[in-house]
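Okay, structure first, notes after.
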Amino acid sequence: MYEAAAGMKWYLPQALCSIASFFFFTTIYTSSLLLMAIAVDRYLGLAFPIKYRLLRKPLYATAGSILIWLVSIAHCTIVFVIVHMPLPNGTKTEHVCYEQFTEKQKKILLPVRLEFFVVIYILPLLVSIFCYINCIYILYTRPHIAKVKKQRAIGMALCTLTIFLLCFLPYNTSHLVGFSSNESS
């Protein structure tokens, strides 16, 4: 936000750029992974209601959330590696935050961005699609559930998938485009 308010210039210390970028990216990736976890939770609750209810505990949800945060944090530590790599003589990246990269930095960053696209976007999206399609199927095949409840649950599933696509597709597509065009801005 600071950078946008300053006319897309970064006048703060570079360490703050790393920290701001780290938190920005971590929250994006954590969100997509948590949406996947919610989809899995809903699917298991519908597909195996009795067994799942017996095994479901707040401790497991907490452990799963912590694991998701740790995966996101581990992936986003690349921000610190890339930003603090030694620059060739005469190369300056002052007044920008996480935008201009040397060829050496791009050799590391671009494959990582492709990995982010596949592991932290496509995989959670496919798992969510699988879970919600099966949730819809299960709801349609169970005659004892009221039609209104079915419609509400199906609407929620479709709305969640739509939000997943609308919120995360544009940003994550930039990873794919950046990788294929050898650019990272």
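Quick reminder: no glycine exception, Cβ is built from N, Cα and C everywhere.
According to TrEMBL, the feature domain 'G-protein coupled receptors family 1 profile' maps to 1-185. What TrEMBL records for 12-38, 59-83, 116-140, 152-171 is transmembrane segment.
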Query raised in the report: Which whole number is the mean pLDDT over the domain 'G-protein coupled receptors family 1 profile' (1-185)?
Result: 86
Query raised in the report: Apart from its near flanks, which chain residues at least 6 from the ends of the transmembrane segment (59-83) lie with a Cβ under 8 angstroms of it?
Result: 14, 17-18, 21-22, 25-26, 29-30, 33-34, 37, 41, 98, 101, 105, 108-109, 112, 116, 119-120
